[in-house]
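What Swiss-Prot lists as phosphoenolpyruvate binding site is 34, 35. Per Swiss-Prot, the feature UDP-N-acetyl-alpha-D-glucosamine binding site maps to 104, 320, 342. Per Swiss-Prot, the feature active site, proton donor maps to 128; the stated evidence is sequence analysis. The 2-(S-cysteinyl)pyruvic acid O-phosphothioketal annotation in Swiss-Prot covers 128 and rests on sequence analysis.
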């Protein structure tokens, strides 16, 4: 006699389990700015001396940039949240596709490579799929500085052909205040011959942080954070030690977490004027926000009402907080409208929020939101970094349990997120186990069929 038993196992990728509806309390610690850290790490290529960068968050994007620098010949030593970079022996001018395709900030290396080695080759970079983010402005800026640049088969090839292998100062006007283009031109022009001006540059705090470190290395950068940046080229740059500014996007996410869970919280360290637009909108929708000590903010949410926002470059409302703010508006009293003006594909969270009971209608890049009393836990998935953060906030406030997949996105930009939220009172945990009953994961589950166990009996 024999019998055959078939076991079917549904295997879910690493995910977060969130038991929603719990208030938060205490302090949420803000890490160093990811976007600033990436540019600062690339800037280490500009000097032959050692550079120490402190308050660097431990993220997958930072790991990718670290591997890129090692591939170019730099030596890195990491201790907790500090990175020492020695670029004295860089020799490789070509960045590998397998690293570049996942990190848009990899393009920051082009300017330093041109100034140090006179040449750079890089595949067109990747990053979050949130719409077209061409590097045209970066390339035009490098060309204005005297570099010869061509794009062949999606590979950017740049070189300096002057006798002394130095770029030449120029007057550059950006069509759009691109952060990446501003940082690329800023780094490339520090060692250029002569004076460079950037009109209509990005004014983000990360630009100011980069300029501050470059100046401590011996560069001559003036006007960062204003509508015109002036750079006087120098012969060489020295090493330095620099502490990264707090991450304003993480801080904003935490402020919104307090609001959506209707929980008083202390957030910090922060630089308040980096968050002016966000603080203004949170106050408008019903939150009390005040300075708490020298480097923290205290937020006390009251009844949350719908308010309209439109994203724009700094000092406007940041596009990186559009998705988290939409989660808040989904549970606000009344209606609201959110218009995305920076990226055209940054509404991937709408479908997931509606799955949780939100009432959001999307028309092109404008979301029309009718607030509901509460969201309901569900199986949800993040499609990019900031939409993932928005969905996690929704899960925290929702009634019932949620399962979130998309950790690869969260780990790019939020350091130890579940640990921080758990310390503040949330019930959120990272899981790697198998799940057998969540059918709505159909597009993510790997089914193992035909696992047969045969038992033979005489």
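Glycine residues also receive a Cβ, built from the backbone N, Cα and C atoms like all the rest.
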Integer Å distance between the CA atoms belonging to residue 35 (phosphoenolpyruvate binding site) and residue 320 (UDP-N-acetyl-alpha-D-glucosamine binding site): 11
Local backbone state of residue 104 (UDP-N-acetyl-alpha-D-glucosamine binding site), from DSSP in three classes: helix
Pairwise C-alpha maximum, in angstrom, for the residues (104, 320, 342) that bind UDP-N-acetyl-alpha-D-glucosamine according to the record: 16
Integer Cα-Cα distance in angstrom, residue 104 (UDP-N-acetyl-alpha-D-glucosamine binding site) to residue 35 (phosphoenolpyruvate binding site): 11
Listed in sequence order, residues with CB under 8 A of residue 34 (phosphoenolpyruvate binding site) and six or more positions away: 57, 59, 61, 62, 247, 249, 250, 412, 413
Protein Cβ atoms within 10 Å of residue 104 (UDP-N-acetyl-alpha-D-glucosamine binding site), excluding its own: 18
Residue 342 (UDP-N-acetyl-alpha-D-glucosamine binding site), number of other Cβ atoms within 10 Å: 20
Count of other CB atoms lying within 10 Å of the CB belonging to residue 320 (UDP-N-acetyl-alpha-D-glucosamine binding site): 22
